[in-house]
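Feature annotation from TrEMBL assigns Zn(2+) binding site to B:Cys29, B:Cys32, B:Cys48, B:Cys51. If you look up TrEMBL, you'll see B:25-294 marked as domain 'CoA carboxyltransferase N-terminal'. Sequence annotations record features per position, and here TrEMBL assigns zinc finger to B:29-51.
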Amino acid sequence: MLLDFEQPIAALEGKLLEMQKLADESDVDVSEAVTALQAKIKALKKETYANLTRWQRVQLSRHPERPQMLDYIGGMVDKFVELHGDRTVGDDKAMVGGLGELDGHTVMFIGQQKGHNTKERQYRNFGMANPEGYRKALRLMKLAEKFNVPIVTLIDTMGAFPGLEAEERGQGEAIARNLKEMFMLKVPVICIIIGEGASGGALGIAIGDRVLMLENTWYSVISPESCSSILWRTWDYKEQAAEALKLTAIDMHKAGLVDGIVKEPLGGAHTAPEQMIETLKNTLLKTLKELGAIAPADRISQRIDKFSAMGVVVE
Amino acid sequence: MSWFKRVEKGIVTPTDQKKETPDGLWHKCQECKSVVTMAEHKRLLYVCGPCGHHDRIDAADYFDFLFDGGRFTELDAELTSGDPLRFVDTKEYPKRLVATERNTGLKDAVRTAHGLSAGQPLVVAAMDFKFIGGSMGSVVGEKIARAIDYARQTRTPFLMISRSGGARMMEAGYSLMQMAKTSAKLALLSEAGVPYVSLLTDPTTGGVTASFAMLGDFNIAEPGALIGFAGPRVIKETIGKDLPKGFQSAEFVLEHGFLDFIVDRRELKQRLADLLGMLQPVSAANPEPREARRTPSKAH
Ligand SMILES: [Zn+2]
């Protein structure tokens, strides 16, 4: 799948392939032309990705080939043991969790999985968890705390599921409880927005000592589409809504609402998933080391103080 | 998310305006159409005598009947919103704020105060729906956070009266993080063993439900209040059919196990006094060590 702003680059890359094929099949020397075209592609890429609009970043965050929770697990974790169920209602397939080894360190991984194709997306409920997903996440976090294992959450959701049963089973209560409980966890908690970070559904697993966003992700109180439909009463203002919400990693970091940005490969995470996974792995290892050096009580105080300072008021 | 529609439809009639309408001497129940004098309606705390319908009322009204003799000390009354995102939709956010302040006489969507209720000290935070749908921006989050801090430092029980459509979109990420901030403060209050009663009133939805409103030691509600995470319209769109009658009502939420009880507004003060009178903040001799350092020794 190509996004509109990816098309000019893809067209040039197609041309390059043709040129190289031609060179292979004949004796024509095209090396000069190839070099020129490669330079042109590089320049166009640089220019395109240095000037992405907020809406374009939202599009990248949703790219179907973008690495998801289970891709990261598969790519960076040894001996992953998936753990299921909230012990009350069921097992939420939108929220995945389990223990794994990251370069020899045991880590509890928790995150939403959206799915890459129609079938998987349906199975995963598009990454929109029900209350049992949030309760499963909390159960696993408590388990991690018990065994002194750090927690990594990977956030990628359009929101908590707005369904009838979700309301019956207390979607609001489930998220609220996670927020409160996560502040008191004695183990290090790292939260990474790897795709979409929509509202309470994202925040419900995003209270951490370090909250980081991948470069082309978004995190806000509402999606640009829903914001458009409520404030402009039509779906047509999603680009403007994305601008107004200031929802990108750069915006959120500038506002002091997240702690840092993880760089993506030029062209976005989906263009070089392995490189992305490697980058995130290194970031996690470095961050775990930093957090491990802080005493648990101090970590909790710092976590609370950090979120308590968020907001702009006029006295 | 439903606040816009509701405000537009004019379902909300602020009590001040009610009193000023030409036929302001009389009140007609929007549910059963019974007519009483405005004075009688006020005496009944804006609850319909014949059918028990609870009108939406303001923070000021709760303060008036919850605090003994209507006497209280307001906290952080002067706090107002910034515009960190320079948010513009169909209107610039600061202009919206100024217009709302002019129309409502309020600085933002929550007021916080402390005083005596039935002779016992109480900290109350009460939301005003008529201020941009009771939406939660930085001011709401900060005032609630400070009220919780005050309750913790003075070891006074905390009552939160929620009435909100949820997030304030014009503060985007900042709005979202108020859910985290208030929950952090409640975690500390909980750790200090100070009781927290959350009263959910019509409506309580979105990010407010998914944070402080559902975190009470006691979650209670007014009869008939709409309580939910997602708004009814969104759920209807998701499932593609009409919602069952009474869905997301306080009675429904009680039945599903998320409320301790439903209380008629006319009995609220007494029920609170009964409940809190049976509890004392957990003795300062036995709190978590970290909190012991922070907590002043003053006890009630
Ligand atoms: Zn009536």
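Just so it is clear, glycine is given a Cβ too, placed from its N, Cα and C backbone atoms.
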Average pLDDT across the domain 'CoA carboxyltransferase N-terminal' (B:25-294), rounded to a whole number: 94
Cβ-centroid neighbours of Zn(2+) site B:Cys29, B:Cys32, B:Cys48, B:Cys51, 8 Å, sequence order: B:Gln30, B:Glu31, B:Lys33, B:Ser34, B:Gly49, B:Pro50, B:Gly52, B:His53
For B:Cys48 (Zn(2+) binding site), the number of other Cβ atoms found within 10 Å of its own Cβ: 20
Sparsest Cβ surroundings (other CB atoms within 10 Å) among the binding-site residues B:Cys29, B:Cys32: B:Cys32
Chain-internal residues near B:Cys51 (Zn(2+) binding site), provided their CB is under 8 angstroms and they sit 6+ positions away: B:Cys29, B:Glu31, B:Cys32, B:Ser34
